[in-house]
Amino acid sequence: MLVVVILVQAIYWLAIDRPIFRGAPSKEPALVDVSDVAVARLTTPSFAEAAGARYSPVTLPWTYCCDTALFAVQMTFNIDQVPADGLGIYPNMQADNFMLALNGSPIIVRGRMEPGNGSFHGQVRTLSHMPSGLLKTGANKLTFITLRDGFPYTDVFEPKIAEYSVLEHYVARRLFLASDFYLLTGGLLSLLGLIAIIMMFRSDDWRFAAWLSLFCLGFVANAGYYLWLDPPFDGWGRMLVFFAISHLIPAAMLCFIDSWTGRPVRWLQPITMAIYMCVMVVIAYYIYFVPMPNGFDIPVMIWIWHLGISAVAVAVRLIWHFATSAEDRLLESALMTVIAAALMMDAALNWFPELELLEDNVGNSAVFLLLAMNATFLFRNFRLFQSQGALNMMLQEKVTLREAELAEAALREQALVREQAHDEERRRIMRDLHDGLGSQLMTMMLSARMGEADPPKIAEGLQGVIDEMRLMVDSMDSVGDSLEAAFATFRARIEPRIVAAGFNFQWQQPAAINAPNMGPRDVLQIFRILQEAVTNAIKHSGGSDIMVEISTNADAAIIIMVNDNGCGVVGGVDSDNTASGDAGGGVGRGLSNMRDRARAVGAEYAIYSILGKGTRVTISLPRPA
């Protein structure tokens with residue numbers, strides 16, 4: 001017995017826990033330091049209000065307690081030059097939700113920020129991209145808007161800022177454990193819990209299966225707590241759910257182990273669950289009726305006591321069982337000792353934080369240990385399912401044949417989907433080469449052959465070719481992680497060209513816009529429409545001013561307008577893009593391209609023109625459903 005216990009303990013802690021959860025982190029990259037940190041309290045979650053708020057300087061880490069609060073936190077960082085791929089930022093704070101703007105342009109806006117009706121997207125650790133179009137050499141300003149509604153403490157630590165690819169590699173493990181691991185754990189333990197429920201009706205030892213299913217439910221609920229970021233209750237309700245789950249896991253573990261011994265201690269299981277219910281009543285009272293921070297701090301102390309007592313009870317129950325009973329379930333016994341050791345380590349961490357033990361050992365080990373426990377239990381009790389053996393043998397051949405057919409069909413379908421995707425991408429690239437680069441290069445070649453190669457026109461044509469090449473490169477990646485980032489990138493690219501062409505340029509955009517969530521391809525289509533509209537204005541308007549205006553109204557999420565004060569189009573252009581005149585050669589294909597691109601993303605597109613007064617191109621993006 002002792003040899004098996006030591007072997008299983010070593011396998012888990014050295015071969016599973018250490019490489020997956022405790023592996024040595026990669027070398028920390030060269031981080032960009034922040035300075036000039038200041039905080040202001042807000043009444044609404046608005047970057048416009050944050051821009052005019054009165055700030056007080058603070059040092060990081062910064063903590064606030066205890067009421068529901070909206071804060072704007074500003075900080076500055078300096079860079080000598082703007083990286084071509086931008087920077088990555090790993091926000092480091094404890095808040096229910098937050099928004100982030102870089103140099104006045106929002107780059108993180110998720111969920112709801114209204115006090116009393118906020119979501120909890122700030123609980124998820126994320127790595128965000130700060131595009132080069134929003135960065136500038138020298139000082140750059142970060143503006144966080146934080147919401148804390150329920151848990152009393154707002155904690156802000158220094159964010160990690162570095163080159164995006166380097167920072168992505170550095171935080172990959174913690175991002176996996178903070179999100180994907182919960183999803184994996186919840187899914188696997190949901191299936192295990194379902195198997196345990198079935199075992200309740202097939203096994204003579206139904207109590208063991210019942211406690212196993214409740215134990216799994218606790219971990220599934222814990223995973224759901226961190227993944228369900230928009231629950232139908234407020235922060236106080238979410239606190240109560242947190243404590244209910246946190247207390248359920250050690251209570252269910254004690255009952256599970258007591259039932260597994262085969263000789264449960266009389267009244268231990270009902271007393272354990274009665275204590276759990278009483279503890280939750282006390283915690284609910286403190287959360288809803290005692291002012292913060294005591295309304296939170298005392299439930300935390302209750303949880304620490306309950307966790308410690310449960311850990312001791314689990315250890316004593318196992319030791320008593322091994323001391324008084326001959327146990328031949330060696331592997332199951334060893335797995336039980338690992339579960340108990342994980343609980344003891346979590347309890348010791350809360351009682352003695354100065355020991356600096358690693359946390360969440362029970363949560364990390366649950367999926368591995370319970371799967372192994374269930375496998376050994378099913379193997380040991382396989383005779384319980386032998387009544388289905390005859391039927392299984394009759395159906396096995398047909399099932400195997402059908403599975404092979406389905407697997408082959410799935411492989412064919414996957415290959416077809418991949419081939420279709422590749423064909424579509426090839427056609428898109430060929431179309432862009434033919435309509436864009438090919439057309440412009442052919443025009444310049446014919447001009448050169450005919451001896452009409454005017455250097456300014458050749459330069460303008462080459463600039464157009466360069467722009468098309470940039471867009472083709474962007475189409476294989478992205479012009480931004482969001483529509484706001486794409487606007488910033490477009491402005492950074494097009495403004496120098498407009499000014500170099502001798503036009504006055506204006507850009508009007510509100511501080512915060514309700515941009516719909518669009519994929520990279522759709523964002524690129526909007527980017528191309530804007531480029532086509534501005535290019536037409538430069539080439540054909542003959543005016544002196546070009547203005548890009550971004551706004552919202554009650555009917556559309558975003559309205560984008562490109563205006564010039566040029567000659568206009570003879571006869572005007574209606575909303576179907578049917579030109580009854582011409583402002584210069586070459587606009588027809590451009591108008592058709594803009595119309596097709598707008599339709600591709602579900603946007604409304606119109607162009608209005610008055611002879612001698614200019615042209616306006618309008619794109620209306622619909623509100624998200």
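Don't overthink the numbers, they just go from 1 along the chain as shown.
Glycine is no exception: its Cβ is also placed from the backbone N, Cα and C atoms.
A quick note: this is a predicted structure, and the numbers were derived from the prediction, not measured.
As annotated by TrEMBL, domain 'Histidine kinase' applies to 522-625. Mean pLDDT of the predicted structure over the domain 'Histidine kinase' (522-625): 77.
TrEMBL lists 181-201 (among others) with the feature transmembrane segment.
Tertiary proximity for the transmembrane segment (208-228) is limited to same-chain residues at least six positions away from its ends with a CB under 8 Å from its CB atoms, namely 123-124, 178-179, 182-183, 185-186, 189-190, 192-193, 196-197, 199-200, 238, 241-242, 245-246, 248-249, 252-253, 255-256, 259-260, 269, 363, 366-367, 370, 373-374, 377. Under the heading transmembrane segment, TrEMBL lists 208-228 (among others).
The transmembrane segment annotation in TrEMBL covers 240-260 (among others).
Residues 207, 211, 236, 239-240, 243-244, 247-248, 251, 254-255, 258-259, 294-296, 298-299, 302-303, 306, 317 of the same chain lie 6+ residues outside the transmembrane segment (267-288) yet bring a C-beta within less than 8 angstroms of a C-beta in it. Sequence annotations record features per position, and here TrEMBL assigns transmembrane segment to 267-288 (among others).
Among the features that TrEMBL reports, transmembrane segment is placed at 300-322 (among others).
The transmembrane segment feature in TrEMBL is assigned to 334-353 (among others). Within its own chain, the transmembrane segment (334-353) has Cβ neighbours under 8 Å at 4-5, 7-9, 12-13, 250, 253, 257, 260, 304, 307-308, 310-312, 314-315, 318, 359-362, 364-365, 369, 372-373, 376, counting only residues six or more beyond its boundaries.
Per TrEMBL, transmembrane segment is recorded for 365-385 (among others).
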